Amino acid sequence: MMPTKPLAEADPQIAQLIREETRRQAEGLELIASENFVSPAVMEAMGSTLTNKYAEGYPGKRYYGGCEVVDKVEQLAIDRAKQLFGAEHANVQPHSGSQANMAAYFALATPGDTVLAMSLNFGGHLTHGSPVNFSGKLFKIVPYGLKQSDETIDMDEVARLAREHRPKVLMVGASAYPRTLHFDRFAGIAREVGAALVVDMAHIAGLVAAGLHPNPVPHAEIVTTTTHKTLRGPRGGLILTREAHAKVLNSQIFPGIQGGPLEHVIAAKAVAFHEALQPSFKEYQRRIVENAQALAEGLKEAGLRLVSGGTDNHLMLVDLRPKKLTGKIGEEALGKAGITVNKNMIPWDPEKPMTTSGIRVGTPALTTRGMGPGEMATVASLIGRVLDAPADEKVIAAVRGEVRELCAQFPMYQDRL
């Protein structure tokens, strides 16, 4: 028989931990650039009976019966993703951005081929060729980086390395780069050397959808993204491509690297895409950028150095070396004060990845809560106070109290506490 007890009775320990996490999110300042708060509608879709259904294959071509409803769900997600980004084809089945990237590589290259990608040390992602990741183990990775003069991507170096190494794939994208990515310039380099252009827009997908960042879809053979972060959907992946690549790309997801798709998550993706197609989403993205610029100015006024001097998107990197702090110390001190950030490598970082010399800060989650430039000035001041006295328990406690007061003005998930 089916267990019918609600979660609080069926598993009080998990129920309590969920309440604790919800309270942590509601009472703290979430500044991790890759995190956001999904809508109740997205969560409702993820918790639906769609989680029960196996559906190997694609709409209309399944290996299981009973897929007539999930076919409609998945097709809605596909159609909405295509409309949102102006793409010819969309695959909504990737369980994550990493799996989306894996499928993109396998669709365009074979193990041992050369891939030109942004170095993790300069803001790239693990799946862009880190030696500890599948991408670095299966492919010959040639990394590119930044100019020391302004800490922006060295496009001359990208062109030089492309001509020298003739990569099969030119991967563009970053997990910690605060400036605009000029996809047209990358596309020109890729064409010159006969490389396929792949763009990982995981961090900036929401900005792209709102027209606040250049769209890579017209320039790239394949575009990958997560569906959370600025897109504000469930945790998952998405691939966009041209119709000419659709068949081979689909086969790399299933049966290549995945089995059954998560139709409850795909439904949540569809809901998020629907939300992103509304005019209010464009205004939300505009506010993300406005808040990021206000936060950046506030951090500079607090005496903090920002990599590249500021931001064009939703995130910024703070160099803590002038404060004689590591990223690890900064993250821990801010965490005690109720401000969540992540330690992050900065360009030419002398520290190890688990220590780092910087922190990464972003505004998507606080913008979802309704905070604006005025609150960003306050947040910047709070961050500055903590980083000026990271070991002072009185300062930490005082800031923690102010954080709670600020968060109380922008309540969230109250029915779940």
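Glycine is treated like the rest: Cβ placed from N, Cα and C.
Pulled from Swiss-Prot, these are the features on record:
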type	residues	note
BINDING	LEU120, GLY124, HIS125, LEU126	(6S)-5,6,7,8-tetrahydrofolate binding site
MOD_RES	LYS229	N6-(pyridoxal phosphate)lysine
SITE	HIS228	site 'Plays an important role in substrate specificity'
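Structure with Swiss-Prot features highlighted.
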residue	record	DSSP class
LEU120	(6S)-5,6,7,8-tetrahydrofolate binding site	helix
HIS125	(6S)-5,6,7,8-tetrahydrofolate binding site	coil
HIS228	site 'Plays an important role in substrate specificity'	coil
Among LEU120, LEU126, the most crowded of the binding-site residues [Cβ within 10 Å]
LEU120
Cα distance (Å, whole number) from the residue listed as 'N6-(pyridoxal phosphate)lysine' to LEU126 ((6S)-5,6,7,8-tetrahydrofolate binding site):
17
May I have the list of same-chain residues other than LEU120, GLY124, HIS125, LEU126 whose Cβ is within 8 Å of the Cβ centroid of the recorded (6S)-5,6,7,8-tetrahydrofolate site, in sequence order?
ALA117, MET118, SER119, GLY123, THR127, HIS128, GLY129, SER130, ASN133, ALA174, SER175
Taking the Cβ of HIS228 (site 'Plays an important role in substrate specificity') as centre, how many other Cβ atoms lie within 10 Å?
25
Name the residue among the recorded positions HIS125, LYS229 whose Cβ has the smallest number of other Cβ atoms within 10 Å.
HIS125
GLY124 ((6S)-5,6,7,8-tetrahydrofolate binding site), Cβ-centred 10 Å count of other Cβ atoms over all protein chains shown, is 25
Quick one: Cα separation, LEU120 ((6S)-5,6,7,8-tetrahydrofolate binding site) versus LYS229 (N6-(pyridoxal phosphate)lysine), in Å?
19
